[in-house]
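Listed in TrEMBL for this protein:
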BINDING   B:Arg106, B:Lys146, B:151-157, B:181-184, B:Glu189, B:His212, B:265-266  ATP binding site
DOMAIN    B:110-295  domain 'ATP-grasp'
There are 2 protein chains.
Amino acid sequence: MTEPLPQGATIGILGGGQLGRMLSVAASRLGYRCHIFEPGAAPAGDVAFRVTTAPYSDTAALRAFAETVDVITYEFENVPTSALDLLESLRPIRPNRRALAVSQDRISEKTFLGDLGLQTAPWAAVNSESDLRAAVARLGLPAILKTTRLGYDGKGQVKLESETDIPAAWAAMDNAACVLEGFVAFDREVSVIAARSPDGSVAAYDPGENIHRDGILRTTTVPARLTAGQRSDAVLLAARILNALDYIGVMGVELFVTRAGLLVNEIAPRVHNSGHWTQQGCSVDQFEQHIRAVAGLPLGDGNRYADVVMENLIGDDVLRVPALLKERDTAVHLYGKGAPRPGRKMGHVNRITRG
Amino acid sequence: MTEPLPQGATIGILGGGQLGRMLSVAASRLGYRCHIFEPGAAPAGDVAFRVTTAPYSDTAALRAFAETVDVITYEFENVPTSALDLLESLRPIRPNRRALAVSQDRISEKTFLGDLGLQTAPWAAVNSESDLRAAVARLGLPAILKTTRLGYDGKGQVKLESETDIPAAWAAMDNAACVLEGFVAFDREVSVIAARSPDGSVAAYDPGENIHRDGILRTTTVPARLTAGQRSDAVLLAARILNALDYIGVMGVELFVTRAGLLVNEIAPRVHNSGHWTQQGCSVDQFEQHIRAVAGLPLGDGNRYADVVMENLIGDDVLRVPALLKERDTAVHLYGKGAPRPGRKMGHVNRITRG
């Protein structure tokens, strides 16, 4: 794939959640169709050209899916390796496998970032209760124990406040490979949504300032309260990550702003919840930016023409929709997920605070 | 239908062109699904939950379509009466039949507007060459002869410059019922995109200033060059039309700005090409506004947070897309229509001129 994807081409998306849904809508604006592959319920299917409902172990379904698409991308990073091996033998996958492999495992990710000369929270690999005890002794408390794989939105992690928490914390991990992360005294959390295209050009949006609660993103505010120096450091750091991975697509890079500089908390090789504000703030939003990169089209420059506060609607927050629809300068985005469940992302709103 | 449509409900859309496509995307943001009914090619189908491809004479298909949807709307006004009769017996149609009937026929439309006390261009019904000769004698030249029905984008109309044009002009109309419209010396053309909800509340966007070429809209610019008085006159006039029709949904009202005040050129009982700028200028665009009205949700207030110039991509204009994708502060919207043909609307761009 060296030529841009022609209009009318089909993009395959692994995963049919809200990110796939918004990617499919963005692809339509560029004249593309999307085919969603999703084992479970697929809200993305409401606005996709086609949907395949099958498990990732169904090689016939994977093969049939690949044959109808021109390029494959994904909306979440935990696609099984065996499925990716098969798909990659049939069609290009963007972003590439290395980006996925690095970000699927917290230890690979932290090692990769460290090798690039970037700072992370202090960490230690933990594979037993005695490892955990040694790690606590070295990193101090409080600290957070996380599974190395399959964690998201606060799942697969537990906070340790005192040494007496050690046995229960380790037991909760069910013998999974883990990493202990030391406490970071940060001033604020920000994220950079950056994109890289096949020709190596990189574009980043203004960093957004994030507020999490119970491990789940609640709000992102642009502009973030950063100095000009912090802002350019954040963008340069993201570009360094994308270049090192020979990345194609949009990536979310979560950062801690500390007195000692910027620390990388986590990277996500996909469009990211903290980039949803771009739907109202930029002429090319993160979803279209990702599709542009995957399709080999020129990237938008990321210029922002409004200030925005994005708020997630989680679980019963969605009951506030009737009132939210009446708010001035507020864009409501619902995901078509049916009944609310605690912790489930049901939608988001973008409030325009300055046009 | 007195309660708002619940999330997860399905909206039926008659017509599968670009307007249906953008309506379906807007509906998804509000948690709705769309089912498109379209006899021909349906670019809207790329982003719809379901598509029925059948002629409007296929009563079984119409019936099956109606049974899967909760409410029916349309993206163009020339749906055959027989199809509407059947559909209306099964599900509510919004906007209502009267709005369609009035706007399907230029004479009904002008009579309706005149009865409301609104000004139009001087006109005369023409059903024969001698009618045309008499109308020319009364209204003067230049003038435009139009079929009363089924005209759009400059089709079904011919301009008369001199009396010698009369026989050819009449012959070109193939004995269709026609109307002759006298020449209007206007300063500019503007349009108001307004919406009305089931509870009678009305919201209008800022008027846009339109430039047509060969009978096809080329650009819409907001804000339009209007005085404050003209601006409020335009909005009040649109509201009067919506209220008189007990209208539910978005309507496009095209106006001529003249020294003698505002003249109504044409009304369209649907989302309108001259409202595409709202996608980048407002938190609730015209497509979502229409869906909100049809679904009985609160309307957005129409507030504009950016200045925008919308440019249509017609026929080979679409070949400029690679360059347009590189433009700063420019949102590209393509319709997925395949090969360009002269006069065919392939997409549009919204240029943000002030954020």
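Each residue, glycine too, has its Cβ placed from N, Cα and C.
Structure with TrEMBL features highlighted.
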residue	record	Cβ within 10 Å
B:Arg106	ATP binding site	23
B:Lys155	ATP binding site	12
B:Glu181	ATP binding site	21
B:Val184	ATP binding site	16
B:Asn265	ATP binding site	18
Where B:Glu181 (ATP binding site) sits in the secondary structure, as DSSP reduces it to three classes: strand
Reduced DSSP assignment, B:Asn265 (ATP binding site): strand
For B:Lys155 (ATP binding site): DSSP state (helix, strand, coil): coil
For B:Arg106 (ATP binding site), the three-state class that DSSP assigns: helix
Model confidence over the domain 'ATP-grasp' (B:110-295) (mean pLDDT, whole number): 95
